[in-house]
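For A:51-72, A:84-104, A:110-130, A:137-160, A:180-201, A:226-247, A:267-287, A:294-315, the entry in TrEMBL reads transmembrane segment.
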């Protein structure tokens with residue numbers, strides 16, 4: 001099954017990459033795209049400065065968020081879990097909204113850094129509250145409770161300073177608008193986490209057999225969990241810092257992939273990255289082309305596409 | 001029906017007194033137009049038609065306090081019933097997605113289809129909340145009993161996230177409504193008037209009486225589903241009836257003041273600390289505590305960025321969320 | 001066919017821009033240098049294709065008879081005042097003000113972009129890659145800041161003289177209006193939605209215009225915000241002599257409040273001094289033309305009163 005799905009996924013990804021370069025508020029024929037990479041071409045800005053980095057960014061962010069989702073679901077062993085239950089994206093959101101409401105005149109370029117710090121603090125909070133030895137489900141629920149706390153602080157800030165609501169909401173929905181080479185270069189160092197995550201695939205399979213058998217097979221279950229969650233936090237934090245919390249990717253992509261290629265993590269993890277990239281590319285493409293020149297945030301599209309699918313999936317596989 | 005013992009009566013009286021004091025303070029405090037504590041009393045039974053202060057107390061503050069009391073009682077009762085039905089200490093309207101569903105219903109009607117006046121925001125909110133809860137119960141397999149507390153909460157979170165994402169989408173698409181919708185989402189007593197009161201109190205009384213009636217059965221459910229069945233409880237009817245009550249209580253509260261969160265989570269636990277595990281006792285205590293809490297946070301909500309107001313729900317969320325964390329930490333799941 | 005067209009179009013554009021360059025090199029002396037929110041902005045030609053990303057900038061351009069080729073109008077032409085729409089020729093929408101479509105802007109081949117520091121700072125670098133970008137305050141700007149920004153725009157587009165003249169005329173018009181209006185009356189403007197009333201305080205654009213017309217802002221208490229959501233109780237405390245309301249929807253919350261007994265306690269309600277105006281003019285557009293329209297609105301209000 002996996003061997004059949006992978007080429008199709010790759011093809012779909014390639015197709016979407018090209019489509020993302022071609023379509024938008026203005027359509028550019030395929031031939032002109034290649035010319036658009038040359039400095040001085042009429043399409044140079046649209047292709048090279050705007051669509052290309054944005055497309056690559058969508059691909060990477062989609063892949064990383066999906067990978068984080070697969071790791072979290074693998075560790076918590078609950079299909080409803082997602083990086084959101086770690087409270088990381090809400091922590092980033094709180095930091096970002098705080099920054100936007102209290103320093104409206106400050107330089108917006110610092111926003112990713114602020115969001116990153118917020119999400120890392122949120123991860124530390126979770127770690128501090130749960131410690132090393134609590135059960136994963138308890139970890140998840142603590143994360144949820146923390147997320148609720150951050151969410152209520154976000155609401156409070158937005159209500160006290162209503163002028164910033166729209167800006168804050170836009171950020172909180174997750175969008176690729178206006179993201180370019182700069183943001184791409186900020187994301188690059190975090191790509192280093194991906195090989196580590198893939199390296200965890202084999203032990204993650206064993207942990208699915210149950211803690212006892214995993215331990216007897218020589219795997220320290222707790223350390224593995226910790227490592228997986230830490231990587232998931234890193235992946236999510238970096239993505240959220242740059243694009244805002246794009247909802248449902250981390251939840252839906254691993255599900256979809258599991259249906260396509262099965263649950264073995266060696267195949268699941270790489271394929272889920274493909275699926276995540278495809279989903280976000282699709283969402284951004286639709287968000288840009290549905291009613292040009294209006295640009296909807298990609299996060300809205302992932303929610304609209306992802307949410308019903310997720311419900312349907314859950315009701316069927318219950 | 002309620003077995004009467006002195007400490008319980010004492011607790012009830014103390015809480016009643018507390019509630020009266022909170023309400024009285026709420027009637028005159030933090031007003032931009034000076035209202036004296038005496039004005040607040042006069043407006044109740046010896047209205048001076050000339051005084052603006054007394055008009056404010058009578059026309060704005062009094063319905064606000066009364067509705068706050070009812071909303072608090074409703075949400076607390078709903079929380080108690082939900083926790084009793086699911087045997088899950090974290091069950092409450094906000095955690096299990098009812099609030100988020102109601103918010104989605106309301107936002108959809110008021111932003112995307114404002115001409116959809118037929119339905120009205122309140123009905124939309126109740127429908128949204130009901131659907132969301134049904135989904136959560138289905139996904140969390142709450143009907144089957146058992147002790148999978150985590151699963152139910154995760155289902156609630158997933159559905160809440162889903163509704164919240166769609167709500168955000170709706171708000172962004174209809175940019176101009178954002179501030180208003182957000183205030184409503186947080187739950188605010190600012191626009192609570194006698195009109196709201198008139199349509200709210202019958203439902204509230206029915207719901208609360210229903211809650212008192214179902215309390216003995218909830219006690220039996222504590223023994224576990226099997227034991228309860230052996231004691232002659234029809235589980236399906238109890239669960240259906242309980243769900244209906246919850247929807248009635250939460251729905252009427254949401255449609256009058258918006259999606260106030262965390263009362264349903266917080267109060268039942270506080271009440272249990274005071275009155276023990278017997279539902280017949282801690283249910284009334286929970287109602288009074290809930291009422292106090294909402295009235296108090298409404299007062300705080302006027303003080304915090306005086307002279308402007310924040311929604312009371314935002315204050316409650318700030319109090320409630322840390323308590324949620326505390327609960328999770330304390331309980332073994 | 002399409003390709004042919006695009007080639008033809010791009011040659012046309014190229015020759016056009018070449019000719020513009022030729023003109024500018026011929027008059028190398030036109031070097032306009034202004035201070036915008038990011039430092040010194042200089043331009044050495046007269047921009048012909050201008051894209052604006054906030055509504056107040058449209059107002060500024062229209063005031064000296066320049067038509068922008070692209071406007072971030074939220075894809076709703078009605079957002080731009082009738083009075084301004086009359087002055088300018090057709091434009092292309094470039095999307096929402098909060099997230100304008102950079103592709104559409106680039107496709108318009110602008111030679112000047114005017115952006116808002118509060119909304120578009122994040123894409124300032126990208127905008128500059130498309131065309132020289134003048135970034136100025138618009139959202140959250142007061143009346144005085146707005147006049148200042150308007151003057152800067154005039155200078156940047158090489159119409160300094162016209163703009164100064166227009167601003168002088170604007171000052172005269174406003175002074176003229178002020179003479180016709182009773183001095184020192186307390187006027188409060190608010191925007192009403194379905195479930196909320198937002199007062200525009202003394203710090204807001206509307207508040208500034210009201211002061212410029214020789215009227216007085218009502219005391220709204222704490223004044224750290226340009227807009228304040230207000231409950232009926234707080235509104236009773238503000239209690240302005242004249243209340244101007246812009247209804248985004250009907251019936252708005254003010255219509256609901258009108259039925260309450262407490263409403264009649266208000267000074268404005270007692271003396272029937274509540275007037276509704278176009279919220280677009282009063283709240284969204286923020287420019288000299290809309291300020292003049294606001295002045296006319298107020299004169300109408302005070303005349304019907306006599």
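Each Cβ is built from the backbone N, Cα and C atoms, and glycine gets one as well.
Whatever TrEMBL says is automated annotation, not expert-curated.
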Whether the transmembrane segment (A:180-201) meets the transmembrane segment (A:294-315): three or more C-beta pairs under 8 angstroms:
no
At least three Cβ pairs under 8 Å linking the transmembrane segment (A:294-315) and the transmembrane segment (A:110-130), pairs spaced 6 or more in sequence?
no
Please give the sequence-distant neighbours of the transmembrane segment (A:110-130): residues at least 6 beyond its ends with Cβ less than 8 Å from one of its Cβ atoms.
86-96, 98-100, 138-139, 142-143, 146, 150, 171, 183, 186, 230, 233, 236-238, 240-242, 244
Long-range neighbours of the transmembrane segment (A:267-287), counting only residues six or more past its ends (CB under 8 A):
2, 5-6, 9-10, 12-13, 16-17, 19-20, 23, 54-55, 58-67, 69-71, 176, 194, 197-198, 201, 246, 249-250, 252-254, 256-258, 260-261, 295-298, 300-302, 305-306
